[in-house]
Amino acid sequence: MANETLEDAVLASETLALAVELLKRRSVTPDDAGCHDLIAARLQALGFHIERHRHNDVDNLWARRGTASPVVCFAGHTDVVPPGPLEQWLSDPFEPTLRDGKLYARGAADMKTSDAAFVTATERFLARRPDHPGSIAFLLTSDEEGPATDGTVRVVEALKARGELLDYCIVGEPTSAAEFGDTIKNGRRGSLSGTLRVKGVQGHIAYPHLAKNPIHLAAPAIAELAETMWDEGNSYFPPTTWQISNIHAGTGVTNVIPGMVEIQFNFRFSTASTAEGLMDAVNEILDSHGLDYEIDWNLSGKPFLTPRGALCDRLSEAVHEVTGLTPELSTTGGTSDGRFIADICREVVEFGPLNMSIHKLNEHVALENVEQLAAVYEKALEKLLGESDERV
């Protein structure tokens, strides 16, 4: 495999061939760079109804084949983060390169290989089961790595408005940690950010009695916030955390007491808490310290959880049959578009390649994992939509 050329590998793998075509496209957020066109053409040939949902500079693709339940949806993104310093890459990040059994390119792991595997898995399943029960859907966006305000959330809003709900959704995020197939994400913590401004009175630093230092005033409250146990978590989630990300105050000189301090912070919270409850608790602590303050809140995602059930179990079986591993269910990590999809889908999980190189220089995916990933997705379709006596 180490001496295999990319051309030879592409001939041997339909999934790799499509992944390479996607990876050649410089689809840095929010530019889709034609990735949706490639995928839509393949899906249209399979009988999918295609919808384009463009909002501002963001391209979104919704595709569905069938009208019955259950609905199994593959969800993902075609945008990638910027490559960073090109001179520090061993090869052009938008010219896929095979080296030592690994495919190198920006988006190889996060998550164009998953996008390609979605398509080829569906093609193979439909070749065997054209009259399968239920429906298959795709939800793709070019705005997952950016603000995520015009991407998946907009398509979800449109589907919800017309009463179109999903039963199962597999998001192709790179979830594998140490080896391919070791982790399925069956939930994510919520993310609640706040910008706190504590007001004081500006003055000369030599005359503190004529001023009120907002940093000093806020310090005891900050200490209490940092020490507060917000909840104990639960069997799926660790306890909620509160962390300061930035503190800004002062004029840049050493002889002026600032008139205000701005503190930016973030909660990563579990299903054991609510955003409203956390906001109320913060206000209560700040009020108890007698501060003159204001807060701007931003809830970028609620927590979601898919307990063990049909989707977790069937996908775990598929992973085990392909890799021999029994994946761990995990809710660790940051947010994903699963937080939006959970609003219209009763079971949402994430599964994809190794995540060790994502957003890094020389991002890559192991060549052997490319077809393994497609096989897992195909088996998942079979288990969720196929007959029990006919397995992949």
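Keep in mind that glycine also has a Cβ here, set from the backbone N, Cα and C atoms.
Record check: Swiss-Prot places D110, E173 at the Zn(2+) 1 site, and the matching candidate among H77, H204, H209 is H77. Among E145, E317, E321, only E145 appears in Swiss-Prot as part of the Zn(2+) 2 site alongside D110, H359. Applying an 8 A CB threshold to same-chain residues 6+ apart, the list for H359 (Zn(2+) 2 binding site) reads V81, D110. All chains included, 26 other C-beta atoms sit within 10 angstroms of the C-beta of D79 (active site).
Each of V80, V81, G107, M111, I358 belongs to the same chain as D110, E145, H359, is absent from that list, and has a C-beta within 8 angstroms of the C-beta centroid marking the Zn(2+) 2 site. The DSSP secondary structure for H77 (Zn(2+) 1 binding site) is strand.
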